[in-house]
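These features come from TrEMBL:
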DOMAIN    61-190  domain 'G-protein coupled receptors family 1 profile'
TRANSMEM  43-69  transmembrane segment
TRANSMEM  81-100  transmembrane segment
TRANSMEM  112-130  transmembrane segment
TRANSMEM  165-184  transmembrane segment
Amino acid sequence: MNKDYAGEHFLRSKKLDKIEYHQDLKISKEENDYGEDEDNPHLIWAMTVIYSLIALIGIIGNILVIVVVKKVPSMITPTNCYLVSLALSDCLFLCAAWPVEFSYLHADQNDYAFGAIGCKILTFLPYLGINASSMSIMAFTIERFIGICYPLRARYICTVKRAKLIILFIWCFCILYNSPWLYLATLKTN
């Protein structure tokens, strides 16, 4: 049975209700939308390899971006400050989402490996990463717009100090904006 909440589809299952987000998220590995069995070991193995490669390459690549920008003084520009914020938010998302996906594929369906606190944190962190990533891209785009359309003003408007303040605001806002997930995400058993 599908329910549509804000454009996302959440599945209802006969098994243990894994996580309850405010919208009654129910997940089962037993059957997908088309009634197909998803306990295929080859599919699980392939998904594990793909998720792991995406996480590993993404985390390593983003860490390299952060290290290079921090180590080379000439790389510290307003644009690169936004790119570091983007890399940090993407790393946060990958580090928080991968364990949940891995657990979903390999853990017993009657267990949630991370407990109640892990449920809250591993729900909050991916949303924080997604929102910080989106807002960093938006700030980066505005900064580039000013730099291209108003090049003479950009010297005074687009400074490293201002970029760092905007990034600080973005992260503080995203933490506050996503903090309700720390209270809404709970484990629920039948």
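Cβ coordinates are placed from backbone N, Cα and C, and glycine is handled just like the others.
Keep in mind that what you see is a predicted model, and the values were worked out from it rather than measured.
Taken residue by residue, the domain 'G-protein coupled receptors family 1 profile' (61-190) breaks down under DSSP into 108 helix, 2 strand, 20 coil. In the predicted model, the domain 'G-protein coupled receptors family 1 profile' (61-190) has a mean pLDDT of 92.
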